[in-house]
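Enquirer: These came from Swiss-Prot, pasted as-is:
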- Glu266: active site, proton acceptor (ACT_SITE)
- Cys300: active site, nucleophile (ACT_SITE)
- Gly244, Ser245, Ser246, Lys247, Val248, Gly249: NAD(+) binding site (BINDING)
- Asn165: site 'Transition state stabilizer' (SITE)
Amino acid sequence: MGSDSNNLGFLKEIGLGATNIGSFINGQWKANGPTVHSVNPSTNQVIASVTEATLDDYEEGLRASSEAAKTWRTVPAPKRGEIVRQIGDALRAKLDPLGRLVALEMGKILAEGIGEVQEIIDMCDYSVGLSRQLNGSIIPSERPEHMMFEVWNPLGIVGVITAFNFPCAVLGWNACIALVGGNTVVWKGAPTTPLITVAVTKLIAEVFERNNLPGAIFTALCGGADIGHAIAKDTRIPLVSFTGSSKVGALVQQTVSQRFGKTLLELSGNNAIIVMDDADITLAVRSIFFAAVGTAGQRCTTCRRLYLHESVYANVLEQLTALYKQVKIGNPLEEGTLVGPLHTRSAVENFKNGISAIKSQGGKIVTGGSVLESEGNFVVPTIVEISADAAVVKEELFAPVLYVMKFKDLEEAIALNNSVPQGLSSSIFTQKPSTIFKWIGPSGSDCGIVNVNIPTNGAEIGGAFGGEKATGGGREAGSDSWKQYMRRSTCTINYGSELPLAQGINFG
């Protein structure tokens with residue numbers, strides 16, 4: 001491999017070498033763009049190199065994907081589900097090396113890396129069952145001898161643009177459902193995790209080849225913003241799923257909507273946990289610790305705001321601070337590590353700038369707030385006491401920084417939870433049914449994910465994942481999210497000899 005090749009023999013198990021072609025187009029590995037390096041964030045050493053796609057490569061891929069869609073849409077949905085089942089089995093067979101690759105290239109700890117790959121496997125399993133349930137409603141017609149019902153058909157091509165923090169799981173949320181729905185998929189992985197894009201695509205491509213199906217049913221492109229912009233503006237792609245910042249997501253939405261396409265946006269989260277005076281404190285502290293520190297604060301569902309009832313404030317803060325001071329930071333592939341590196345050097349600079357902004361706005365660093373001296377991108381998980389009115393509290397700092405604030409009653413806590421532009425995930429710790437049902441009701445949390453007595457992160461695939469407000473409004477993975485990947489037609493059939501008109505209209 002590259003200069004960081006010690007103990008990386010597992011990469012060969014998933015088809016990776018020192019140099020790799022970064023795009024799978026029309027059933028072939030080809031790319032004519034620049035060569036980029038995949039970097040290990042624990043050491044900032046090169047793992048391997050990848051050749052990116054050009055816009056000409058993209059165009060070739062889109063033409064092939066459009067043609068493949070004509071074949072794929074005619075395959076019965078349960079047969080499409082069988083292909084996705086085989087994809088899940090292929091990923092399952094390489095669960096350990098793929099999980100290690102996620103830990104190596106992204107930086108999350110090994111348990112989380114393996115968990116991420118398990119998530120795409122779970123999405124495959126979920127989608128297999130879904131392939132036999134893509135049914136529409138039968139609607140009573142007001143006209144005699146008429147039948148009215150819904151039919152769901154494929155959209156065509158689904159574009160999927162994923163982010164570095166979940167470099168393959170988010171693909172699974174989208175691609176598995178899109179494929180069983182009869183769509184072809186064009187995937188642009190994150191520019192800084194190209195090896196994951198290549199490795200996952202190799203396994204998917206082998207399944208289509210083994211079943212004598214067009215390779216262009218699944219297209220993968222490693223590249224930068226030019227490829228993403230091409231996907232957003234391409235009228236041949238009726239649906240674009242984008243995961244990233246609210247700032248970039250707004251541009252994607254604007255570009256896609258100008259051509260009357262549809263978007264699924266999974267954008268910034270600024271998630272809060274509320275601890276009431278009747279909470280199970282031990283359960284709350286454990287949950288906060290995982291929610292705020294897991295993945296080094298680089299989940300969209302990371303807890304960034306902690307609201308503590310004034311009567312439990314000191315107790316919770318003391319216990320949480322003690323946990324923070326004991327956390328093991330280091331190589332994510334080593335046993336016992338709980339916090340790996342931030343993904344890039346620029347992320348470390350953002351962390352440092354964030355700490356400076358916190359201090360300038362009156363924040364008090366309880367613990368952490370520093371960068372570790374090392375070759376890697378390691379920072380110390382940080383707890384901050386700060387006013388709820390501080391500007392930094394309204395923003396997402398994509399790092400392990402937790403803002404801690406007091407409240408007096410439930411109404412104030414809910415208002416604080418809802419006071420930020422984002423609306424992804426939220427959780428409350430309480431034992432009172434009245435508090436629980438107010439929290440999940442119309443006067444409670446305004447987020448897309450509303451939890452009770454569990455962390456803000458670690459969502460299951462069976463529910464629809466997504467948020468409100470500046471988080472984008474998208475819903476992916478489970479529940480009825482599949483409907484966004486298909487085209488609904490309302491069909492009315494007259495099986496009689498008369499022509500009664502709706503609303504009793506008599507026309508001639």
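The backbone N, Cα and C atoms fix where each Cβ goes, glycine too.
Remember, it's a predicted structure, so these values are computed and weren't measured experimentally.
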Enquirer: Write down the Cα-Cα distance for the residue listed as 'active site, proton acceptor' and Gly244 (NAD(+) binding site), rounded and given in Å.
Expert: 7
Enquirer: Relative to the Cα of Lys247 (NAD(+) binding site), which of the recorded positions Asn165, Glu266, Cys300 has the closest Cα?
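Expert: Going through Asn165, Glu266, Cys300 one by one, the closest to Lys247 (NAD(+) binding site) is Glu266.
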Enquirer: Just jot down the residues in the same chain as Asn165 (site 'Transition state stabilizer'), at least 6 apart in sequence, with C-beta under 8 A of its C-beta; none if empty.
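Expert: Counting only residues 6 or more apart in sequence, the Cβ neighbours of Asn165 (site 'Transition state stabilizer') under 8 Å are Met106, Lys108, Thr295, Gln298, Arg299, Cys300, His343.
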Enquirer: If you take the centroid of the Cβ atoms of Gly244, Ser245, Ser246, Lys247, Val248, Gly249, the listed NAD(+) site, which other residues of that chain have their Cβ within 8 Å of it?
Expert: Ala250, Leu251, Val252, Leu267, Ser268
Enquirer: Restricting to the same chain and to sequence separations of six or more, state which residues have a Cβ under 8 Å from that of Ser246 (NAD(+) binding site).
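Expert: In sequence order, the residues whose Cβ lies under 8 Å from that of Ser246 (NAD(+) binding site) (at least 6 apart) are Leu267, Ser268, Glu396, Pro421, Gln422, Ala470, Thr471, Gly472.
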Enquirer: Within 10 angstroms of the C-beta of the residue listed as 'active site, proton acceptor', what count of other C-beta atoms is obtained when all protein chains are considered?
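Expert: Cβ-Cβ neighbours of the residue listed as 'active site, proton acceptor' within 10 Å number 28.
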Enquirer: Reduced to three states, what secondary structure does DSSP give Glu266 (active site, proton acceptor)?
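Expert: In three-state terms, Glu266 (active site, proton acceptor) counts as strand.
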Enquirer: Count the Cβ atoms, other than its own, that fall within 10 Å of the Cβ of Gly249 (NAD(+) binding site), considering every protein chain shown.
Expert: 22
Enquirer: Can you tell me whether DSSP puts Cys300 (active site, nucleophile) in helix, strand or coil?
Expert: coil
Enquirer: 10 Å Cβ neighbour count around Lys247 (NAD(+) binding site)?
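Expert: Around Lys247 (NAD(+) binding site), other Cβ atoms within 10 Å: 10.
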Enquirer: Could you round the CA separation between Ser245 (NAD(+) binding site) and the residue listed as 'active site, proton acceptor' to a whole angstrom and send it over?
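Expert: Their Cα atoms are separated by 8 Å.
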